[in-house]
Structures are given as C-alpha cells and as structure tokens.
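Taking it in order: structure first as structure tokens, then the write-up.
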C-alpha cells in the first residue's frame with residue numbers, strides 16, 4: 001500500500017475512534033463520569049496548563065523517567081555484556097537472575113518506599129529496575145549472537161585483545177540487538193512511571209490518582225493522553241537516532 | 001617489481017612446517033599428520049584436497065590462530081604465534097558491516113604503531129591495488145560479492161604482510177568474477193612479490209594460479225603430492241598441461 005494512503009487510513013482510524021467514543025459518552029448509555037467525552041479533554045488541558053500543574057507534573061515524571069531509564073539501561077547493557085562474554089560470571093549469576101527476573105518492578109514498590117521513602121529516588125529506582133531487565137536480556141542475547149567468524153577476524157588482524165575485541169567487534173556487532181532492547185525499555189519505562197507515581201510521588205501518575213479519587217475522569221484521560229504523547233515522542237526520537245546509528249544496515 | 005624489504009636471501013624459506021599434525025578436540029584422532037613443508041619467499045603455493053581434510057585449519061595454524069597438535073611452525077625462523085607478518089583472506093570476505101570500505105581496510109593497521117594519516121594513506125593505496133579506489137566511502141552491503149572479496153584482499157595487503165594466506169577466497173563467486181579475480185591476484189603477486197599460501201578445492205584454480213601445488217589426502221590426511229607447476233605462471237596456459245596435472249593430482253585423491 002502506498003505510504004500516503006496508509007497514512008490517510010491511519011488518521012481516519014483515529015478520527016473514527018474519537019467519534020465513536022464521543023457518541024458513546026454523549027448517548028447517556030453509561031454515566032458521564034465512567035466514560036468522559038473526549039471533547040472535554042482540551043478544556044481540562046487548558047485548566048491544568050494555566051495553573052502550571054500540567055508542566056510541573058510532566059517535568060517531574062520526565063526527570064524520574066530519564067534518571068531511571070539511563071541508570072537501568074546502562075547497568076542492563078553492562079551486566080548483559082559481562083554475562084554474555086565471561087562464562088564464570090554467567091554461571092555464578094544464572095540462577096539468581098532466573099529467580100529475580102519474574103518479579104515485576106511494581107512488586108518492589110513496598111521496598112522502594114521503605115528504602116527511599118515516597119521520593120523521586122523511589123520512582124527512578126522502580127523505572128530503572130524495569131528497564132534493567134529488558135536491557136539485560138536483550139544485550140545478553142545480542143552479544144551471544146555476534147558472529148564468531150568476526151571474532152576470529154579480530155584475532156587474525158591483531159585486534160584480539162579484550163578492549164579491541166569489545167569495542168571494535170562485540171559491541172558494534174551487538175548494537176542492533178542492544179538498541180532493540182533500549183527501545184523496548186523506553187516504552188516499559190513510561191508504564192512504570194505511572195505505577196510508581198500512583199503511590200504519591202509527584203508526577204503524572206500522582207495527578208491521575210488525585211483526579212480519579214475526585215472522579216474528575218476527564219483529567220485522568222488528559223494525563224493518559226499526555227503519557228501516550230510523551231511515549232510517542234520519545235519513541236520517535238529514538239527511532240531517528242537508531243536509524244542514523246544503524247545506517248550501515250541494508 | 002620486487003618489493004622485498006629487508007629480506008633474507010631470496011629463495012630462503014619463509015614458512016617452515018616441521019612434522020605438524022592437526023586435530024580438533026583433545027581425544028579425537030588427528031585429521032592431518034606428518035606435514036613437512038617449506039615455502040620459499042615469493043612463491044605461490046596452492047593447497048588442495050577434498051573438504052574436511054584440514055586445509056583451512058592448516059592455514060589457521062600458519063596464521064597462529066589454531067594450535068598444531070604436534071610439530072613446529074616458524075615464520076622467518078620465528079616460532080612465536082603472535083604478530084606473524086601474515087595477512088588473511090577468507091572465503092566469506094568477512095568485512096565488518098558497520099565500517100565503510102576504507103575503515104575495513106584500515107582494520108589491521110589499527111593494531112600497529114601507525115598514525116591515522118598513514119593508515120588512511122595505506123588503505124587508499126591498498127584499495128588502488130585491488131582497483132577499488134572510488135569505493136572508499138561505500139558500506140559493505142553496497143558491494144557485489146567480487147568487490148567484497150577485493151576489499152578483503154586490500155585489508156590483508158594494507159598491513160604489508162610478508163605472507164598472504166588465502167582460504168578459498170574465490171570459492172563463493174560466480175565463474176566470470178572468479179576468473180577476473182584470479183587474474184587480478186596473479187597481477188598482485190607479480191607486482192608485490194608476496195609469498196602466497198592459497199587453499200582451494202578447485203584443481204583448475206590451483207593449476208591456473210600456483211607455481212607449486214600441495215595435495216592433501218587420505219585418513220588421516222597427509223601430503224600425498226607436492227607438484228611444481230609452470231602451467232599457469234608463465235602466462236601460457238596449455239590446456240593439455242593443465243589436464244595432465246589435473247589427472248595426475250586427481251589420481252592421488254583416491255589414496
């Protein structure tokens with residue numbers, strides 16, 4: 001299908017979805033508080049924006065997100081690479097990893113609050129945890145998958161030492177897989193932002209919690225849309241960087 | 001155009017294999033035994049034999065990438081496996097896909113004490129040698145199979161090795177490209193005077209290119225034939241001569 005046609009259809013889909021939503025909300029089939037109409041969202045945005053709450057919440061969440069994301073991604077890539085390259089370390093941590101992996105980040109919320117209090121650090125910690133596992137596994141698989149022939153090439157051309165091998169062959173070779181992990185972490189990170197902040201840590205999640213307790217559902221929807229947009233923007237920016245970094249791929 | 005730099009006497013052995021045997025894994029029987037081979041400076045030696053006979057592994061032993069089970073390997077009388085003055089060319093070209101052509105050619109130079117200007121100069125020179133000047137900024141995926149193989153040769157030549165080790169470098173190419181590259185390789189050999197060790201399973205190719213052909217065969221394999229060949233070298237490839245050598249060598253396959 002032509003790109004222009006498919007873009008037009010995608011836009012049409014969004015409009016259709018919004019119209020259907022508005023129709024259901026206005027029909028009175030369900031109470032207005034259970035399904036707020038989308039046309040109420042712009043007004044909600046203006047109120048929140050004029051009072052400065054919206055900007056403050058976005059800034060707070062963004063800072064939790066960026067700290068957690070960079071910490072989790074850095075540690076995930078580092079530990080994933082180490083485990084994939086170093087057999088002894090891999091064996092030592094294999095069972096521990098299998099034990100910890102199935103525990104979702106939000107299950108750590110009690111500990112996060114005990115360790116860090118209701119604080120920014122607690123939110124960043126939970127986000128970092130989510131992002132860490134995704135990057136850890138993606139990197140591990142990517143590094144394991146690097147073509148052994150290229151490693152041999154390194155040895156054949158005097159680039160077999162650990163540093164040269166790591167930076168000239170292993171990491172560039174694993175880069176596509178590592179970047180996929182980063183991208184997946186980017187999305188999961190936003191989901192954790194909401195969960196972490198619902199417990200009263202200032203940010204989008206907290207504001208959603210406040211609004212829902214007052215049954216101000218149109219404000220809840222406003223922040224849902226905000227998260228979707230923030231995710232969309234971060235994913236778009238990441239894809240721009242990714243396609244530039246991987247321009248050597250066909 | 002001889003480019004022999006600080007070399008021992010011409011005709012002296014550059015590669016010396018003494019009683020080399022090769023095996024994979026600790027307890028498995030050896031695949032290749034009793035290899036005594038002395039390669040003279042500037043010669044073009046082909047190693048032929050059926051697949052699985054250990055040709056490629058023998059090449060890796062010479063390169064210092066694989067340890068011989070017994071016996072000794074010396075390059076210029078030096079037995080140390082590291083820093084051998086060799087350049088390797090692989091069957092699959094094996095370019096680093098994330099490096100542009102010119103950076104691929106510089107790969108081996110990065111391990112040497114060479115300035116970046118000098119690296120670039122030598123890479124461009126090597127690309128000129130394989131007639132790929134103008135392709136420096138391309139990505140490997142933009143090249144044809146033959147061009148990739150040329151880059152592989154340039155990469156090996158850029159480090160200015162004494163010995164070029166080639167592992168079935170043209171095995172995966174179509175016939176026309178292969179013929180072109182064979183002619184190019186003969187030209188490069190003529191111009192640079194490098195010692196070449198060339199593994200192939202293609203007898204015609206061996207006869208066409210090499211001035212000496214080592215035939216491996218048997219179980220475990222050993223050197224069954226060591227032929228001086230003049231058919232290809234002087235440019236007058238006589239069909240009968242090729243055929244005769246081919247038959248002679250082919251006879252030994254069944255040993």
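If you go along the chain as it appears here, the first residue is 1 and each next one adds 1.
In case you wondered, yes, glycine gets a Cβ from its N, Cα and C as well.
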Checklist entry - Under TrEMBL, which of the candidate ranges A:43-61, A:100-118 is annotated transmembrane segment? => result A:100-118
Checklist outcome for this item: Other same-chain positions with a Cβ less than 8 Å from the transmembrane segment (A:65-88) and lying at least 6 residues past its termini are 97, 120, 123-144, 166, 170-171, 174, 178, 181-182, 185-186, 189-190, 192-193
Next on the checklist: Six or more residues beyond either end and a Cβ under 8 Å away: which residues meet both conditions relative to the transmembrane segment (A:100-118)?
Outcome noted: 125-127, 129-130, 133, 192, 195-196, 199-201
